[in-house]
Amino acid sequence: MIMFCVQCEQTIRTPAGNGCSYAQGMCGKTAETSDLQDLLIAALQGLSAWAVKACEYGIINHDVDSFAPRAFFSTLTNVNFDSPRIVGYAREAIALREALKAQCLAVDANARVDNPMADLQLVSDDLGELQRQAAEFTPNKDKAAIGENILGLRLLCLYGLKGAAAYMEHAHVLGQYDNDIYAQYHKIMAWLGTWPADMNALLECSMEIGQMNFKVMSILDAGETGKYGHPTPTQVNVKATAGKCILISGHDLKDLYNLLEQTEGTGVNVYTHGEMLPAHGYPELRKFKHLVGNYGSGWQNQQVEFARFPGPIVMTSNCIIDPTVGAYDDRIWTRSIVGWPGVRHLDGDDFSAVITQAQQMAGFPYSEIPHLITVGFGRQTLLGAADTLIDLVSREKLRHIFLLGGCDGARGERHYFTDFATSVPDDCLILTLACGKYRFNKLEFGDIEGLPRLVDAGQCNDAYSAIILAVTLAEKLGCGVNDLPLSLVLSWFEQKAIVILLTLLSLGVKNIVTGPTAPGFLTPDLLAVLNEKFGLRSITTVEEDMKQLLSA
């Protein structure tokens, strides 16, 4: 059987249409796993439909609320490739739905839900049979009837909500829980399960998702800073230090903290990878002296870089790609919602097996000459610099600020972002976040009167800090955010980037430039609508874009 998936930037694009519709997608996801993820999403939509009904009766089920976004997160690009675990999530979704349904019936014997997903049952234990059942829920099944524009808007909402669900899970891990956010999530998820076909309603839904995600990023920020302190500028070594070692990748700061606690005094050094780099800026994480540095570059290079790393690797969230290519599948471990067939999975917070493996491996034989980069420009630090930025602008020492960030990826056209960064004039500042920074974060950019020209604000979710800074600057200057000498040039790859974009658009931010390509699920008509309404456009050339943005 074949699949249909068009959720990431590297999806196959042909004159006949966009999307991976083969035996395997560009990410390495098999048709089986992709189809079973469609089935899981349908089960989660049914669960959310009953959660909406339960809310009408004043019933809030925390097990449902904690599970639903986490399971949805497992379908995000480069997270879980393990078909049996995807089916396990679907079974758990149905079991929770039935328990929630029973709670509703106990209050009202006539309780019912009018949603096509509300009574979904899995037809078999056989993966092949389940894959055939999943064909009923493939996202483009009614494309001929509704057209590409409606399908594209549905997917914009589905993928945006998926990105928000990922951030909800990150926040939940840190003890952050908001009943209103979960209620809104269930309402949108259930509605998407009705296969809506009204263009205006779908556009409104996409903005609602963006607004909801702003709240999610707020509680995630509170969770991270509440537990680990506010990030402050910190130098990080990106070269090897002699000794045994473990590499930890993803976004989960709690996993990193637990690993650091358990490795303290063992002689094992810990390195961050990818989106874990900003962890070095948090006081409660950098206090561990054996958190010695950051290893590697963008996630897409992991098959080469992980193969060279002389210790075990822990994946706490996206992005994982096939570890068998570099023959390190015997020393990569997955956590939480991450999965790869045949790779060992850590069900809890005990990293002792990983530590034992690290102690049995060679580690780095010698320390390389250090190369230091600076991270840790968190929300408090950025807000503390607001008056300095305004002063520099007023004295014409600072002409423009470019927010240059987002996801990285393998496409060659992404060199645009390196070229753009190195072409930014000396009297301009670069604010960066997310893993797209690896395209230029090891380069030297100098400073403007002591203020670094390259300011690393953190992970993708730390777009929240950048938004708060922009709002603060606008308030102090008595203007709107769109009137600031500020331009957003964003790279995208997966669904977290989609929901960040929806968040910015829902807040009224205009004239954003994105690349390296437009999302494959957005038709020319939809791109035209977004351009007309928000000024959203794709990158062209560095020279043309720089000229246009500086003259705006």
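Backbone N, Cα and C atoms are what each Cβ position is placed from, and that goes for glycine too.
Fair warning: this is a prediction, and the values are worked out from it, not measured in the lab.
Within Cys205, Cys460, Cys479, the residue that Swiss-Prot lists together with His251, Glu275, Cys319, Cys407, Cys435, Glu494, Lys496 for binding hybrid [4Fe-2O-2S] cluster is Cys460.
When the candidates Cys20, Cys55 are compared with the [2Fe-2S] cluster site entry in Swiss-Prot, which names Cys5, Cys8, Cys27, the shared residue is Cys20. Same-chain neighbours of the [2Fe-2S] cluster site beyond Cys5, Cys8, Cys20, Cys27, judged by a C-beta within 8 angstroms of the site's C-beta center, are, in sequence order, Val6, Gln7, Gln10, Thr11, Gly19, Gly25, Met26, Lys29, Ser34, Thr77. Excluding His251, Glu275, Cys319, Cys407, Cys435, Cys460, Glu494, Lys496 themselves, the residues of that chain whose CB lies within 8 A of the CB mean position for the hybrid [4Fe-2O-2S] cluster site are, in sequence, Gly274, Trp299, Asn318, Ala434, Gln459, Phe493, Ala497. Here the binding-site residues are Glu275, Glu494, and the one ringed by the most other CB atoms within 10 angstroms is Glu275.
In this structure the alpha carbons, written CA, of Cys20 ([2Fe-2S] cluster binding site) and Cys460 (hybrid [4Fe-2O-2S] cluster binding site) are 25 Å apart. Note: the Cα of Glu494 (hybrid [4Fe-2O-2S] cluster binding site) and the Cα of Cys8 ([2Fe-2S] cluster binding site) are spaced 5 Å from each other. Geometry remark: Cys319 (hybrid [4Fe-2O-2S] cluster binding site) versus Cys8 ([2Fe-2S] cluster binding site), CA distance 12 Å. Annotation note: Cys407 (hybrid [4Fe-2O-2S] cluster binding site) sits in a coil segment as assigned by DSSP. Rounded to a whole value, the Cα-Cα separation of Cys5 ([2Fe-2S] cluster binding site) and Cys460 (hybrid [4Fe-2O-2S] cluster binding site) is 23 Å.
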